[in-house]
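Asks: One structure coming up, written as structure tokens, with questions to follow.
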Amino acid sequence: MPKRLDINTILVIGSGPIVIGQAAEFDYSGTQACQSLKEEGYKVILVNSNPATIMTDTATADKVYIEPLTLEFVSRIIRKERPDAILPTLGGQTGLNMAVELAKSGVLEECGVEILGTKLSAIEQAEDRDLFRTLMQDLNEPTPPSEIIHNLDEAYGFVNEIGYPVIVRPAFTLGGTGGGICHNEEELIEIVTSGLKHSPVTQCLLEKSIAGCKEIEYEVMRDSNDNAIVVCNMENIDPVGVHTGDSIVVAPSQTLSDREYQMLRNTSLRIIRALGIEGGCNVQLALDPYSFQYYVIEVNPRVSRSSALASKATGYPIAKLAAKIAVGLTLDEIVNPVTQKTYACFEPALDYVVSKIPRWPFDKFESANRTLGTQMKATGEVMSIGRNLEESLLKAVRSLELGIYHLELDHLKELDKETMKKRIIKADDERLFIVAEAIRQGVTKEEINEWCEMDFFFLQKVENIVNMEREVKANVGNMEVLQTAKEMGFSDHYIAAAWNKTEREIYDMRKENNMTPVFKMVDTCAAEFESATPYYYSTYADENESIVTDRKSVVVLGSGPIRIGQGVEFDYATVHSVWAIKEAGYEAIIINNNPETVSTDFSISDKLYFEPLTIEDVMHIIDLEKPEGVIVQFGGQTAINLAAKLEEHGVKILGTSLEDLDRAEDRDKFEAALTKLGIPQPVGKTATTVEQAVAIAEEIGYPVLVRPSYVLGGRAMEIVYRQEELLHYMKNAVKVHADHPVLIDRYMVGKEIEVDAISDGENVFIPGIMEHIERAGVHSGDSIGVYPPQSLSEKLKEQIIEHTIALGKGLNIVGLLNIQFVVFKDQVYVIEVNPRASRTVPFLSKITGVPMANVATKVILGQDLVEQGYGTGYHPEEKEVYVKAPVFSFAKLRSVDTTLGPEMKSTGEVMGKDLTLEKALYKGLVASGINIPTHGSVIITVADKDKEEAMEIAKRFHEIGYNLLATAGTAQSLAEQNIPVQVVNKIDSEEYNLLDIIRQGKAQFVINTLTKGKQPARDGFRIRRESVENGVACLTSLDTTRAILRVLESMTFSAHSMKEITQTKRHEVVHA
């Protein structure tokens, strides 16, 4: 059927900020969909709140709205733009929920807007647990025994009938939010209560646990002609019981017989047809390993995380084709963009194995509960491709960027059998490593299978790796063993350690013996047809399929998996850099390993290598391609960390030199550079012993900011206010010695300013200056940023501009630089300089219209700023106000403290823009998920040092009609200031207390700056966690609180009695 001509304008709904459960995969799918619809001649309008994406670039759609994804704002856009249709299936759970809300509100009917791709009835049938169960019964498809419940009593009824364990699945939620497995009554009460709270329709499905079954996924496509195909089927190495986003996944499935494969394939196709989905759909199934009994777990009637993985695993662009199907085209009319010869109705075939390993944030949150269950915890993932599972798995392990090069962790070697058993049964982020350790220690595959029901096939693969380790260690210098180890994916790093050599020696040894990998093409058809895609992976085989052209080329290193501190912003910069390289006439080559991102879409670069970002894997590509050089400044810390090793291999680093990168990163060299330039910085020193640290802190005065010199991105940073806190930090957070010194700086309680600039070594251009609402001490990624600055004097602005220009020139920066300043007592100090792209590049690029990554790349390639139409100086400020607000995923990470500090905790960001700061702040806060009611109650529990400041805040809340609640100490301070307050019991009281108020939803805000320690038992910690679990905005920074007050005050009319007004005026006259 040809495309529809009765519609002209389509509104695409994005997925909003990155949170756990919904990451960069929707930037990839949304970008593809918008381009796909524009190709077909439709006018595309996009609404999304996330400025860090390629999707929200003005070139992606005909009109781009960066606005909150709420009913209020999306309805306004629909009424203004009057689209013919909306496409919500590419915006993740957010997009689907928005479509349901828009339909129920009547705005779609009022404006005559049609839903494309998946009908509203299909969304509700797949997402509403009751309707889905009924549909499965109608199709005679088995589901686990289950019951829909709306309260705890109904849950008890089901458990009494079926017994424990049971799985709780809340309706219409993302990444299993609020769900879990209950083994007893205590867990049932906790998880069901949480699930009902998180479900927008207060509904959960309780089902008998089928944990232990194999978990299999089918990614399917269907068009309006009822053509339906399987794009990819995938198998979770972890059995049912661990969320698929937290499971290690392989494609294609490895342990299914043909009969099982066909049985589950037919079921998947039957379900997509019954739902009437036109586009992509993900079906999750459970298979009993000992019979042909299977169960349908759930269906995602949209493009999902798994579809991004399936697209990159097969090369078949699901989102692009789903968009074309949504406008009426059929699979037999659409040409497969990979082969450019076959049609999209051909099912992809794979002649390689793909592995996906999740990237968890536990390196950031050491106190987090690492146990994996039905609620997702990973922030991102890596993917790798190999000719066998062992190779694929080991390549994925070293892609994780945790400093791990093999399936072994030193700290696990000490574990005894009983501890290993417990951890393998329970499942956490290290389970596969523990399985390998257990096999090393002689535990049998039968025992491990009994503990965790992982399939024998996968256990055998792990055993093959362990056996090969023994071979390697027993045959030092043996080339045949080395060849076999390399074919199994062993790294030079591992072999070097086993053979007591350096990694470089192993690399040279292989080159001398012609032992180098070849590159194979990902072509969707197992080489059955010729392919036109430049998409490659390495393996140790015979024929190389990556043909080197005679064009000059440049390699860009990507930023690897999405994690806290290194998000989609770096992928944005990478993609823009690649486009600039192509514009400059070079061949652009990208190396990355994240299946969720736009950068790993094969249509972006001239060549895509899907490989780990280690020196070994990167050098294989450089040895083949022989590029002009490598750009490292767009891939975050991942790429910067490779610069020194690349230079050792004789590779040219393009842009800022390694020496100058080091000058910005090395403490002593940086201090010397600042002194030479006459730029002030906070007083600080380096300690290599605990005694030294104590002496330095005494000398420069508390509070001090302490951090290790060898970790970046705010990890293990803390502000300490007295000696006992410093000693606690030195003992628990770092291991200090001569090689690992600790940096101790005077902590200045001032205003933080962030600047991004582009330098060509001679000229320094500053697109924008941002002011942080939270004072210095809160990580810049967790602060609310405002552009243009609202409270900086012209004099201070000039100082900042002068310092930025001096640093750009003085540090010989070629490309981007990011500087953080603190304004303290009307003086500007430099806190740090990052000689690379920062997370604010997409935000400032969109606001100012300066394509920063593009301009910086052209500078790196030799075109100076003046040639590009920019010179030295500050870009004229925009008239509107723009706010960048952080978004957190605390609800997914139990036992993580929500207090803001120098260590970054946010997973994503949103933008609010308007004519005034108050309106922009309102949009930013609402988009980030903070509800802003104009009245209600606020709980205030603050540390003694904050009491004075909190009084002014409390007074302002009272003025706008809020009811104030506080525990005895704070309440007394408020009463002394004649501020009305209701006293509530502390949390250790047996009677109705502060936590009960939070649980019952009787407070709209909690202001809490108590006990900023990391002990979960502390009062402050428990109050903050309870707020998160119950969806109450918990404010741990008084600056953030003031920002919210500004918004509330702007929304509230003043209500003063006439007497108060006359008294005030009389007072002014008296003191005039």
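Every residue gets a Cβ built from N, Cα and C, even glycine.
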Asks: Among Glu699, Glu752, which is the one Swiss-Prot gives for the ATP 2 site where Arg707, Arg746, Gly777, Val778, His779, Ser780, Gln820, Glu832 also bind?
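Replies: When Swiss-Prot describes the ATP 2 site, the candidate it includes is Glu752.
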Asks: Radius 10 Å, atoms counted are CB only; among the binding-site residues Glu298, Glu752, Glu832, which position scores highest?
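Replies: Max Cβ neighbours within 10 Å, all protein chains included: Glu752.
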Asks: As a test of reading the model: what is the averaged pLDDT for the region 'Allosteric domain' (930-1072)?
Replies: 83
Asks: Give me the DSSP three-state residue breakdown of the region 'Allosteric domain' (930-1072), ordered helix, strand, coil.
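Replies: The region 'Allosteric domain' (930-1072) comes out at 69 helix, 20 strand, 54 coil.
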Asks: Would you mind pulling the longest C-alpha to C-alpha span across Arg707, Arg746, Glu752, Gly777, Val778, His779, Ser780, Gln820, Glu832, which the record has binding ATP 2, in angstrom?
Replies: 18
Asks: Let me know the DSSP-derived helix, strand or coil state of Val778 (ATP 2 binding site), please.
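Replies: Going by the DSSP assignment, Val778 (ATP 2 binding site) belongs to neither helix nor strand, so it counts as coil.
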Asks: Which whole-number value in Å describes the distance between the Cα atoms of Ser780 (ATP 2 binding site) and Glu298 (Mg(2+) 1 binding site)?
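Replies: Their Cα atoms are separated by 39 Å.
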Asks: How big is the Cα-to-Cα gap, in Å, between Arg707 (ATP 2 binding site) and Glu298 (Mg(2+) 1 binding site)?
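Replies: It is 45 Å, counting Cα to Cα.
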Asks: Mind checking how the region 'Oligomerization domain' (402-546) divides into helix, strand and coil residues in DSSP?
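Replies: Split into helix, strand and coil, the region 'Oligomerization domain' (402-546) gives 77 helix, 11 strand, 57 coil.
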Asks: I need the CA-to-CA distance for Glu752 (ATP 2 binding site) versus Asn300 (Mg(2+) 2 binding site), whole Å please.
Replies: 43
